[in-house]
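Asks: Feature annotation from Swiss-Prot assigns disulfide bond to CYS90-CYS173. Positions annotated as N-linked glycosylation site by Swiss-Prot, on the basis of sequence analysis: ASN4, ASN169. Look at Swiss-Prot and you will find 1-16, 75-91, 156-184, 255-275 tagged as topological domain 'Extracellular', backed by sequence analysis. The topological domain 'Cytoplasmic' annotation in Swiss-Prot covers 39-54, 114-133, 206-233, 296-341. Taken from Swiss-Prot, the feature transmembrane segment covers 17-38, 55-74, 92-113, 134-155, 185-205, 234-254, 276-295, and the record attributes it to sequence analysis.
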Amino acid sequence: MEQNGSFRVDSEFRYTLFPIVYSVIFVLGVVANGYVLWVFATLYPSKKLNEIKIFMVNLTVADLLFLMTLPLWIVYYSNEGDWIVHKFLCNLAGCLFFINTYCSVAFLGVITYNRYQAVAYPIKTAQATTRKRGITLSLVIWISIAATASYFLATDSTNVVPKKDGSGNITRCFEHYEPYSVPILVVHIFITSCFFLVFFLIFYCNMVIIHTLLTRPVRQQRKPEVKRRALWMVCTVLAVFVICFVPHHVVQLPWTLAELGYQTNFHQAINDAHQITLCLLSTNCVLDPVIYCFLTKKFRKHLSEKFYSMRSSRKCSRATSDTCTEVMMPANQTPVLPLKN
C-alpha cells in the first residue's frame, strides 16, 4: 500500500494491463480513425459536409488527439507508474484525456439528437439548413471543454513518492489528491452529474428513435435495410456509452471519495475497479468508427468496395498462381528428373 500523507492504494496489475490494452488501442485506433479521416477528406468536400458529418469529423479528431498520448501512458505504466519524461507532458496527456472523454460524450450526444430530430420531425429536419449549426455547435463544444481542460496545463500534476523497496523515488502523474479537499469533491460531483444528465437525454432520444422506427406504419417506412441500419446505429451509440463511459462514471465518485479519505472501507476494491474502467473508457477510440458505418451511405459503400476489391485481388492472385503452375507443369506431363552420375 502506498502512503504519502494521503489515502492512496495501488493496484499493481495495472502495470501489466495498461501497456497491453493501450498498445492494442493505439494501433487499432490510429488505423481506424486515420482511415475514417482520410475517407472523409477524399469523399466529402469540406463545403458539402452536413451537420452530422461535421460532428463525426470532430469526434474523429478528438479520438486521434487522445491516441497520440497513449505512448506516454504506455511508457508510464511499463515503468510501474514512474513518469520519466517532462512534467509538462503529464499535464498535456491529462488535458487531452479530459478533452477526448467529454468531447466524445458531447459529439455522440449531438449526433444522437440529430438522428432524433430526423426521426421525430422528418419534414422540419429536411427543410433546415444545418451546416452552419453544426459548425457553431462544434466550436462551442471544443472551446468550452478545452477551456475547462486548460486547468490541467496550469498546475503541476506530478508528485514524488518513495519506491516500495526504498531504493529511491518515483514520479506519479495525476495520482495525488489533497486529503479531504472539498473543491476536488465538488468538481467530481459536478462532472459526474453532468455526464449522467447527458446520458439520460441520449437514452431518451434513442428510445424515441427505436419506438418510432418499430411502430411507424409500413407505408411511411423506407426500405427494410434502412430501418435496420438506423436501429443498429442506435444500438451502437448506446453500446459505446454503456461499455466505455457509464462504468467509469459509476465508479468515479466512490473512487474520489476513497482517494480523499472520506470512505476507505472498500478503497482497494474501488481502486481495482477504477483501473478497469479507465481501460474501458479508452476503447471508445476504437468503437467510435463503427458508428460511422451506420451513419453515412458513401462511407459504407467505400468500405464495401474496398473489401470487395481485396477479396477479388486475392482470388485473382490465387487464380494467377494456379494458372502459372499449370503452364509450368501440364497435367499430362511429369517432370524430368536429372540423371544421376
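Placement of Cβ uses the backbone N, Cα and C atoms for every residue, glycine included.
Help me picture where these features are in the structure shown.
Replies: In sequence order, LEU72, TRP83, SER157, THR158, CYS173, PHE174 make up the list of same-chain residues 6 or more apart from CYS90 (disulfide bond) whose Cβ falls under 8 Å from its Cβ.
The 10 Å shell around the Cβ of ASN169 (N-linked glycosylation site) contains 10 further Cβ atoms across the protein chains shown. Look at ASN169 (N-linked glycosylation site): DSSP puts it in a strand.
Confidence for the topological domain 'Cytoplasmic' (39-54), expressed as mean pLDDT, is 79.
For the topological domain 'Extracellular' (75-91), the residues of the chain that approach it from at least six positions outside its boundaries are 10, 14-15, 17-19, 22, 152-153, 155-158, 170-175, judged by C-beta separation under 8 angstroms.
The list of residues near the topological domain 'Extracellular' (255-275) in space but at least 6 beyond its ends in sequence, with Cβ under 8 angstroms from a Cβ of it, reads 6-11, 13-14, 17-18, 177-181, 184-185, 188, 248.
With a cut-off of 8 Å between Cβ atoms, the residues of this chain six or more beyond the transmembrane segment (55-74) that come close are 18-19, 22-23, 25-26, 29-30, 33-34, 36-37, 40, 49, 85, 89-90, 92-93, 96-97, 99-100, 103-104, 107-108, 110-111, 114, 134, 137-138, 141-142, 282, 284-285, 288-289, 291-292, 295-296.
Long-range contacts of the transmembrane segment (92-113) within the same chain: residues 52, 55-56, 58-59, 62-63, 65-66, 68-69, 72-73, 137-138, 141-142, 145-146, 148-150, 152-153, 157, 173-174, 195, 198-199, 201-202, 205-206, 237, 240-241, 245, 281, 284-285, 288, 291, 295, each at least 6 residues beyond the stretch ends and with a Cβ under 8 Å from a Cβ of the stretch.
Here the transmembrane segment (134-155) has Cβ contacts under 8 Å with residues 49-55, 58, 88, 91-92, 94-96, 98-99, 102-103, 106-107, 110 of the same chain, all six or more residues outside its ends.
Here the transmembrane segment (185-205) has Cβ contacts under 8 Å with residues 102, 105-106, 108-109, 112-113, 115-116, 237-238, 241, 245-246, 249, 252-253, 256-257, 260, 262 of the same chain, all six or more residues outside its ends.
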Asks: Across all the protein chains here, work out how many other Cβ atoms are within 10 Å of the Cβ of CYS173 (disulfide bond).
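Replies: Its Cβ has 21 other Cβ atoms within 10 Å.
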Asks: So, three-state DSSP: helix, strand or coil for CYS90 (disulfide bond)?
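Replies: It is helical.
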